């Protein structure tokens with residue numbers, strides 16, 4: 001006998017028709033997947049632990065719609081389950097300024113992550129599952145289980161075809177993340193037509209090879225009991241589970257099973273027959289029977305609110321039993337760092353020895369790692385090069401492997417840069433003040449640009465430790481030497497891109513990156529040693545740009561970043577011998593500098609002083625700050641780092657020569673600062 005009633009089936013039909021009505025009202029959107037996935041959504045959400053009155057409750061279950069184009073389904077669920085999503089909001093689907101944008105966006109209560117670029121959501125979900133396992137292993141005690149939530153995911157064929165999902169799913173299998181349950185919408189349709197035009201692999205065997213539990217629901221269109229049974233079985237597994245859910249895209253539509261129902265509104269006659277088929281009045285839209293509201297209120301909302309109350313009481317008891325850990329949990333849930341943590345940050349003087357900035361980064365991480373338990377680090381198989389693993393760190397690994405445990409805070413991502421980026425977004429989205437950081441070579445952050453862009457769009461404050469930041473890496477040559485990379489990432493809104501020149505600037509980069517709650521950061525670091533510079537300080541560098549060394553009435557300003565700043569300082573000495581006075585400006589982060597007042601920016605780059613930028617990467621983007629740019633608008637070369645710098649004339653004399661030409665060119669001309677603009 002089925003555990004589901006006619007009211008459950010009415011609820012499924014309600015979900016379907018709310019999604020269809022949204023798409024029809026907007027005359028835009030994707031009705032096909034919501035029609036096919038509504039039964040699974042009903043089964044999952046009905047048993048989820050959630051509290052719509054406290055959507056950020058840390059021990060809630062999480063739902064990720066990786067196939068974000070099906071967002072009309074998610075918005076319907078948010079309305080039905082009591083979140084801040086009204087029928088009027090649904091009627092404004094895809095309208096400018098609405099709560100119902102064309103793909104789910106992170107800031108909306110109940111939306112766990114921004115999805116749309118396929119494959120990102122399932123990868124974010126892996127990150128959430130990692131964070132939950134780590135939080136549980138760190139704080140759970142006998143009789144005090146603070147964390148035992150699940151992460152559920154919907155994904156489609158498109159997600160599975162994107163490489164990022166393979167990277168993340170492979171790692172999830174290795175890590176045996178049993179709190180992760182994914183539903184694969186096996187509807188056999190893509191935008192181009194039947195899936196067989198491009199995709200005929202055995203997804204089940206693929207995920208079995210990853211180390212996942214794989215189950216199959218043959219009739220995902222209306223077999224609620226089979227879906228529920230698969231879900232119960234998944235919860236018994238000691239591994240992540242993929243439930244292959246065979247559905248019909250556009251179920252109930254006249255065009256069901258066709259690619260035409262994927263991304264276009266149903267025609268009016270189709271909508272009417274669909275409503276008749278599901279027992280609704282064909283002349284009415286956005287209808288929710290009271291029985292459906294009552295069903296979800298009784299099955300999910302009221303129990304969720306009560307579970308949250310019980311959890312709050314459990315936390316209070318936990319604080320009494322484990323005062324130190326309890327205070328730490330409360331601090332993290334409040335999104336705060338420990339008082340005085342900044343005292344752990346190192347500072348430097350010019351008398352200190354020259355050190356590679358990747359090593360300076362390691363020193364910062366070593367100093368703060370024990371103080372900040374929310375740091376969850378890792379590297380894409382470059383730990384010895386990135387220097388990202390702190391002394392005494394334990395690896396995040398399944399205990400069964402003997403390689404670490406789930407309380408470990410260092411993740412071996414393998415050669416999976418894109419997966420790492422998307423997983424870090426999920427770790428951040430989990431909450432509890434998690435601050436993930438991941439290491440790779442700067443050039444290979446480009447592999448993960450899709451995830452980096454979503455970090456910035458969503459405001460996930462993840463940190464990329466991006467070493468080997470220039471031709472200075474030497475012998476590995478142009479395949480590994482970044483050229484366009486910084487210009488690309490600097491163009492992304494809400495993204496810090498640091499290229500520190502010495503120890504104080506490395507410290508400043510981490511200080512700003514860690515204290516900023518809504519902006520991710522890439523910290524580009526050198527392989528070669530860099531001197532500690534006269535005039536640098538953490539206090540100046542946190543502004544993103546500052547005058548490192550100044551002169552009275554400068555003939556020009558040389559602005560630079562990273563390893564070239566020290567060379568620019570030497571170039572100024574060459575120029576001084578020719579009676580040319582150069583102001584030296586260090587600009588480690590365009591974004592942070594852009595946050596300063598216009599008055600401050602113009603004090604660094606005033607009218608009347610020609611500006612030459614020097615950076616051994618592409619010159620694109622430098623016109624914002626400089627009149628002339630000396631950079632590398634070609635690929636690098638293989639050889640010893642100093643020899644490669646010499647080849648491309650990034651030497652004191654090479655910079656001085658271009659500085660002289662800049663001074664000569666602007667002599668007698670009115671020089672307006674590039675920052676002195678109309679708006």
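Yeah, the Cβs are placed from backbone N, Cα and C, and that goes for glycine too.
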Given Swiss-Prot annotates 69, 116, 117, 118, 158, 187, 417, 444 as thiamine diphosphate-binding, which of 262, 518, 591 belongs to that site as well?
262
Return the residue out of 157, 202, 222 that Swiss-Prot annotates for the same Mg(2+) site as 187, 189.
157
Tell me the Cα distance separating residue 476 (substrate binding site) from residue 69 (thiamine diphosphate binding site), rounded to the nearest angstrom.
41
Counting only residues 6+ apart in the same chain, whose Cβ is under 8 Å from the Cβ of residue 417 (active site, proton donor)?
380, 440, 444, 445, 447, 448
Per DSSP, to which secondary structure element type does residue 69 (thiamine diphosphate binding site) belong, with helix, strand and coil as the options?
helix
Could you say which of the binding-site residues 157, 476 has its Cβ with the most other Cβ atoms inside 10 Å?
157
Cβ neighbours within 10 Å, counted over all protein chains: which one of the binding-site residues 187, 385 has the most?
187
Fill in the CA-CA distance, residue 117 (thiamine diphosphate binding site) to residue 30 (site 'Important for catalytic activity'), as an integer in Å.
15
Using the centroid of the Cβ atoms of 157, 187, 189 as reference, list every other same-chain residue with Cβ within 8 Å of it (recorded Mg(2+) site), in sequence order.
156, 185, 186, 188, 190, 195, 249
Restricting the comparison to the recorded positions 30, 157, 158, 187, 189, which residue's C-alpha is spatially nearest the C-alpha of residue 476 (substrate binding site)?
158
